[in-house]
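K.L.:
Grabbed the feature section from Swiss-Prot, which reads as follows:
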type    : residues                          : note
BINDING : 113, 117, 118, 119, 361, 362, 363 : (6S)-5,6,7,8-tetrahydrofolate binding site
SITE    : 221                               : site 'Plays an important role in substrate specificity'
MOD_RES : 222                               : N6-(pyridoxal phosphate)lysine
């Protein structure tokens, strides 16, 4: 068979882009060689509908062992009693939890997308906002932070069946214990979506949802530094609160309800090559080396935020507790879209992002989101954050000057071009 030169040339082009640029998208990271090797292995050939020991296909003896290792490592990493490693993505994990816990039309309470939430937390363009009745909490105009008393007021008024504690562009830690008190006060299931800070949470660097939330979902990339995929967990299994029973008349455990919601409820065959890569990534995350990495991600983010503030950039909430920051650019007279496009020309990748109380459309936005997981994987430290922010500032202040953009691109290439992708 002829090699598909067109595609493989483009793969090399993308590899060169990643090597020579500064990757600051908060949801992106670089995986290790062994994670990539597992993801590209012969396991992609195997169909394995069902769960370990209970498959609908023969020949699953090996993938059963691999999937069970992934499950056990996920439980060890987060201190969970239950883990399902089959969701193809974080969105699929959330879809499965919603289907397990809700009926169409039920009320949910999530973080407003325009304030830092995620599409799957009730956005009207997403399944979560179409199948269910979404209500929202957001940040305070003065502080850019959550006000838990107001969240309680909203929950009391709206009486949601499910509350989602999680975000995609919120730079502060979340009080999961307070969220649980709010959920209990209205009889709601509490789901934490920790897709962004999962790696930091796993190593004890941020508040732990496991003791407080009924169900936890996450992606397996981002700060966990694994393949693109999803994960569902529970700190403790419990009897489903809706009285669903087995054919023998016993109350189904929530673990069984969730498993059934993933397969056959929302997915068919699991991606066993990706599950193997998840297992490898979980194994890496269990090490002391990963703890040092996660700490450095956090240190780099704090150093970067301080450097932005020093240059009169408005960071929503004034700083960061995790791996990211959301920057309101309105005082710099540039839109998020313009900033993103100019930075790409300078070999710096960020994403435009709405900011709370934004007056621009989601396609233009007033802000950018910036994160440190990927550049930390490449070995950059606190002292490098000042240099990076200086690059960004130079681009933003001269975003229409092609000569300066090229000058910054050359400086970025000099900084990153000889540096390995996976260092830390």
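Numbers here mean position along the shown chain, with the first residue as 1.
Just so it is clear, glycine is given a Cβ too, placed from its N, Cα and C backbone atoms.
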K.L.:
So how many other Cβ atoms are close to residue 221 (site 'Plays an important role in substrate specificity'), meaning within 10 Å of its Cβ?
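P.N.:
I get 26 for this one.
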K.L.:
What number of additional C-beta atoms lies within 10 angstroms of the C-beta atom of residue 117 ((6S)-5,6,7,8-tetrahydrofolate binding site)?
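P.N.:
There are 23 of them.
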K.L.:
Grab the (6S)-5,6,7,8-tetrahydrofolate binding residues from the record (113, 117, 118, 119, 361, 362, 363) and give me their largest CA-CA distance in Å.
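P.N.:
Maximum Cα-Cα distance: 16 Å.
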K.L.:
Taking 113, 119 as the binding-site residues to compare, which has the smallest set of other Cβ atoms within 10 Å?
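P.N.:
Across 113, 119, these binding-site residues, the one with fewest Cβ atoms within 10 Å is 119.
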K.L.:
According to DSSP, does the residue listed as 'N6-(pyridoxal phosphate)lysine' sit in a helix, a strand, or coil?
P.N.:
helix
